[in-house]
Amino acid sequence: FQVSVTVIEARQLVGLNMDPMVCVEIGEEKKYTSMKESTNCPYYNEYFVFDFHIPPDVMFDKILKVSVIHSKNLLRSGTLVGSFKMDVGTVYFQPEHQFYHKWALLSDPDDITAGCKGYVKCDIAVVAKGDTIKTPHKANESEDDDIEGNLLLPEGVPAERQWARYYLKIYRAEGLPRMNTSIMANVKKAFIGENKDLVDPYVQVLFAGQKGKTSVQKSCYEPIWNEQIIFTEMFPPLCKRMKIQIRDSDKVNDVAMGTHFLDLKKISNDGDKGFLPTMGPAWVNMYGSTRTYTLMDEYQELNEGLGEGVSFRARLLISLGVEILDPTSPDITSSTEVQVEGVPNISETATGKVEDFFLFGSFLEATMIDRKIGDKPISFEVTIGYYGNENDGVIQPKTKGKKGGGDGAEEETELIHNSSEEELDDDGDLTSVSTTPPMKPVITDRHRNYFHLPYFERKPCIYIKSWWQDQRRRLYNSNIIDNIANKLEDGLNDVQEIIKTEKTYPERRLRGVLEELSQGCSQFIALANKDHNQSGRTKLDRERLKLCLSEVEAIGQQAKTMRTQVKKSTVRDKLKLAQNFHIKLRFLADEPQHSVPDVFIWMISNGKRIAYARVPSKDILYSGVDEERGKDCGKVKTIFLRIPGKKGFGPAGWTVQSKLEIYLWLGLNRQRKDYLSGLPNGFEENKLSKGPGMPCSPPISLTYMMKQIFQLRVHMYQARSLFAADSTGLSDPFARVFFSTQSQVTEVLAETLCPTWDQLLVFENVELFGEAYELRDDPPIIVIELYDQDTVGKADFMGRTFAKPLVKMADEHYGPPRFPPQLEYYQVYRGNGAAGEMLAAFELLQIGPNGKADLPPIDGPTDMDRGPILPVPLGIRPVLSKYRIEVLFWGLRDLKRVNLAQVDRPRVDIECAGKGVQSALIPNYKKNPNFSTLVKWFEVDLPENELLHPPLNIRVVDCRAFGRYTLVGSNAVTSLRKFIYRGSDKQANNWSTTGITQMQGSHSEKRSQPFKCTEHIFELATVFFLLLCVCCTNIYIRHLVSVVRRFSFRGNYRVDESMLDWWSKYFASIETLTEEAALSDSEEKEDMDIADGGDPFSLSLHGFLTSQVTTLQRNPPREEKERRTRKGEVRDKRCVSYSQTKVYPKELECEFDNFEDWLHTFYLFRGKGGDDDDQNVTDEDRIVGKFKGSLSMYKVSDDLPRGMFQNIPNNDPINVLVRIYVVRATDLHPADINGKADPYIAIKLGKTEIKDKENYISKQLNPLFGKSFDVEATFPMDSTLTVSIYDWDLVGTDDLIGETKVDLENRFYSKHRATCGISCNYAIHGYNVWRDPMKPTQILAKLCKDGKLDGPHYGPGGRVKVENRVFMAPTEIEDENGLKKQTDEHLALTVLRHWDGIPKAGCKLVPEHVETRPLLHPDKPGIEQGRIEMWVDLFPKDKTAPGPALDISPRKPKKFELRVIIWNTDEVVLEDDDIFTGEKSSDIFVRGWLKGQQEDKQDTDVHYHSITGEGNFNWRFIYPFDYLVAEEKIVISKKESMFAWDETEYKIPPRLNLQVWDADHFSADDFLGAIELDLNRFPRGAKTAKQCTIEMVTNEAEMPLVSIFKQKRIKGWWPFVARNEEDDEFELTGKVEAELHLLTGEEAEKSPAGDGRNEPDPLEKPNRPDVALLWFLIPLKAAKHLVCDQYRWLTIKIVTALLLLAILGLFLYNMPGYMVKKMLGA
């Protein structure tokens, strides 16, 4: 698998001034985009590719996560802004396996209340081997960026997804395997010899990339958890399924014991009356590897859920509920961490009442046992759940009436070693016999390939009693729907077969099928409503019942109405609808809540389990009501046993291990009375000997008294398209036919893939048991296996098919309508893939009492004597007629070496039905690989019925020296129908036979012809007629008026044609292509057909009107004005550029049937076929060359002329000038470590090789080349052109990214004239100059001559007549000087453009075009590595030389200079608080840059201390940039890093970022707000600050938009916005008055201006409030503010306290002196 993700851009990211990067993660792999600085809407356009080699199931469960990270670098891991996740499967199951240009909505997994965190626009595609992806053509980025309408979500998922809790309750498990297989356990057992409970189970759940686990229950086989795991995830989730695993906890490594996938789609319904996912409480059964216990489990991966489980592992009781969260409620935890908590125990009866079930089986036949195991005794074991398994022993229910299962007490468990031992239950009933007695097989055929068990009359039986919850109603409902679906499927296959074989009245059969369907639906409604009161019914049961009833009822009603609408013409459409019913019914029949586990049948040889079959329990479940009964209940069924695990899918698994005819019956024990009623009659029961008075037990074997003798006749006629089993690319096939215990083989036919055996095989004395009438209605099946005979070693298996014979009883007449049987094709299968078809008939004839005398005689053709081999009898073999096959031998191409020797003298042998013809020998393949004799023929007898025609074999041999021949390669043409010539009346020889009398252009052609601006004067009537036509297309009158207004406005509008170049034409064409694609999606296309007009000019006007009308239809009138602005210059040019080139989104060959109009290419194969499931891919490696030629076959009759190949050109070598134009490549596979590539073009044709290495384009995955190359070539030697894209590397060899191969020869000789495309218009100068050396008149004259047509006759008044068809066109042309001349070229060109409408010789001619070809890499077959847009012109050297090549070199970006003057700001939020004054203020400055030129950020000076949010700047920013007008992108060339070798070119939309900041002296500046203006379409600035509102950003779509490239100069006010961190909404943070002035490079040089306020053209200084004295006044003002206002009372308190302190201090200071004085009396 290859997953490619293009991250285009992100928008509306939450956060301030971010440096975002995007991380794309799939599973464990992560890839990052580059980091974009300070922007909330970064533009990346980066492409990532992830390669995986894993099974689809694992791939589709991988989670793809797109997350945006803010400021990640080497040291920091960055902070997660938001992420988006979905599983890969969701992408793969989208139309085209992709999402294109969709917006992923980001949410924060750690905070579910936060809402949307932004959007990332991306393309995601998932490609498996062999898938092709149609990428919608890359239009300009001018599509409306409607984010909400283009979210990255699958169809039907609502845009507003909510968070939800998923509660998965896990109650308990039972039936776990009885032994621990871990390494530790084996060690323990070796030491202690004890083997008791050693399993430590826990349950692990994976969902949406999160993992939850229950606790581990130590040493326990019946763990009880009673826990719930809670996941928090968006609803609906974009992950399909929940993976639930029981694991065994182990110190070394944990092992999975069983896995169950919970598909959320099956347990929910998104309809109007739908329900949230819900389930249970219900048991789910887990299947995995065998329950045998070995050290290493070879089938361990089956326990992981990979592949089909081969044995029951355990059952788990779970329930699931979903609760949608209300993010506003306060008690919600905002994290999405997985939580685990306990839940109360669940009552015993919650899942239903436990009933005892009885399973009975009888083995009627065991044949086709593989020879490897044929020499040991073989027994069969049948198990249901954990009952009947030898290893587990007998399991008793713990208590009667309580739930079944469990291991019971140890004493109760006894192992059954043989079927003769049995254990009696409490009521004396027999518990079970689950194994047949061992028996030695005997040889079936003399080749010892297969063995069979000699059961003969005595058929062994098994029976098992088991206890399960009685949930049969679920299975019954499922069976009824399955029954309806089976009948529908059979019916639809019949209808398809009738259509395929061209039988009459398929509509009658389809009506019958629909009638049967509606009856089946009404039966279901009647039956499904029963048993409402059953215990254990869950919410899901009730909801599913409602859903099934409503859906089935709807299907029944639709089928009823559809039945009346089925007509011969509508059969195919209705068949498709009926197939949708079938898919829906199958979905409804799939019951997500299990009840009774499936039944497994194992073949055991010598104690070893060899092969198994799994029978769903619902298929054999008994019910008294026929519709509810399982389809195989009480019937004899053929089962093929398979090898378990991976081996069962490779070549080893293709051989049948054993074929069983088995009878199975499952039901409640009390329903047992009828359990033998479905067996073939005429048997006696053999029971175990019992004591008297014991209740009767089931038989352990049956003895048949009655048998019928038959003769089987197998009419093997032929086979076709078989598998190539030998290295020559051929096989030596023979068929081996098995019926009952006999087998026979056909003869071996050497070296062919299409053998005609024409052989009758007679099986004598076939003994079949049972009554005759039963065998007539349902005979056993015949197995036919095809093998390749090898001289050494055993024969190789080539495929297998099955058939049922037509049975004739002894008393029936052998004659029409049933007999003799018709030959039919049977599809041969090899593994899962088809491997050819076999034509045969089978009849089973009963031998009556008179013996073989009553059998119809075998009438073979008398003229054939093939010894003992009987040919197919006359009544059955097809009726033959004589056909003549003419072969055109043209040449051989690209022959590879054979056995290391080059092919030198090849010859082609053609063979069909034993007759054939040889080509002339090519004497020297290297010099000239064409044949000298072109046409040869041979006659052959072929069946009248074309469907039975044998294939035609083409073989190429190389004639070596000494008369040796070596086979080079071969091809079998399986269907000759397309080569049958049917005469002139209904000729199908690729000539168009429509007898149209008026000129008629194809619908798409009309649409792609925009209006011609010429001074043609319209007649009033024509205009009126056109308006009438447009009115018919349901368009509103106001649309019509605007169309006409635009039309008249554009009529007078002329653009200087010297301004237009080839790229104008190309971009206009691409826009037409995208519009056409959109139109073809809409249903209006039927209405758009216009009445055939005679005037081509009116047609082109209609084309113009139609294209305008369609754009209007897709855009409501309100958007009209805005759209016209948005589409920008390209749109205007397009309306004027009346010439367009056809852009094909695929190869030209797809459009013109590979140019095989008369010359076909037959690929030659050699070597063994691949054993891959996808055989087409491996076939490519087997191609050893090509044979070019053709075939024509017809019945031989007198009136048919010989020689179908007339007018064939000469095949002598011819010199040709090949001119290759390479426009661009897209989505290249990255080739360098940095996720980019440095692509350049390489061209190879014959011996000429051109590598344009010097002109590599650095670090680009979507390079624009715009190059043309001229190469001279000689056909036929140089006929394959290879265009490759290589990745340039500084060191080492350059890597191939991808290549495409073009067969130039078929194009050169094609009638579609692919040498040089016919352009829309004829011009002799300018960008649309005529390229072809032949003028239109010359081309037309040549075509008429070659096709023996009458014409062309040019008449007056601009008319031309060809074959009674009249065309009209202008007859004047302007030369370079504007002078008008008369010319017929326009007339001739009009005929050429409608050449497909000419009778007899007409066909579509290749228009002037650009084709898109996939690039492939030989090492990665089938997976696109990118695409290349190119075209090829071919000019024969012996004709007029062509003019110089068109100049398609990429447009050079134009130099522009954007001058942005920031005049003022207003209402800027005030960020700073003054410490002293407390005033709010901001120190404002404005920063600006053009997106992609972050290093050229420019800042204004700072307006200090703005207290009103007003700032005055008068500051000029100057941004020079290079701009591509047509693509609306800025071109930036810069080195990616300091180590980069050269500059990388980026193209990004022109967006101007302006931000307002608050300057800080010491800390980082504070970001206040920003606005981003897309210079092509941004809201017109408001005239005043008051009129400037936040609406200009939040509601941009409603605002009048302008383009700076149109207006050149614009002045106004724009809002600054930032996200509020609390409620995540945008808020207005300021307004800026700015003036934007755009000048071209030349204008900027003429009138220079300085940046800032500098010279030249300086701006005056702003008038800001005077801040000169501020520094002196601030302290005084601050003091006054502090003392007087803010802290008045505090100041008073402090002053008072200070005074008190001073007084106290003075007191303490003076006190001692004063006291001394007093004491001394001084």
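Glycine is no exception: its Cβ is also placed from the backbone N, Cα and C atoms.
Note: TrEMBL annotation is automatic and uncurated.
Look at TrEMBL and you will find 1-104 (among others) tagged as domain 'C2'. For the domain 'C2' (1-104), the number of residues in each DSSP class (helix H, G, I; strand E, B; coil) is 14 helix, 54 strand, 36 coil.
Look at TrEMBL and you will find 143-278 (among others) tagged as domain 'C2'.
Annotation source TrEMBL lists domain 'C2' at 694-819 (among others).
Taken from TrEMBL, the feature domain 'C2' applies to 866-992 (among others).
The annotation domain 'C2' is assigned in TrEMBL to 1199-1317 (among others). When the domain 'C2' (1199-1317) is classified with DSSP, helix, strand and coil residues number 9 helix, 53 strand, 57 coil.
Under the heading domain 'C2', TrEMBL lists 1438-1589 (among others).
Residues annotated as region 'Disordered' in TrEMBL: 397-439.
Sequence-remote contacts of a segment are chain residues at least 6 beyond its ends whose Cβ falls under 8 Å from one of its Cβ atoms, and for the transmembrane segment (1690-1709) they are 1683. Residues or ranges marked as transmembrane segment in TrEMBL: 1690-1709.
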Listed stretches 143-278, 694-819, 1199-1317 vs the domain 'C2' (1438-1589), most Cβ pairs under 8 Å: range 1199-1317
Among the ranges 143-278, 694-819, 1199-1317, the one whose Cβ pairs under 8 Å to the domain 'C2' (1-104) are most numerous
143-278
Of the residues in the domain 'C2' (143-278), how many are helix, strand and coil by DSSP?
17 helix, 56 strand, 63 coil
Mean pLDDT for the domain 'C2' (143-278), rounded to an integer?
82
In the domain 'C2' (694-819), how many residues does DSSP call helix, how many strand, and how many coil?
6 helix, 61 strand, 59 coil
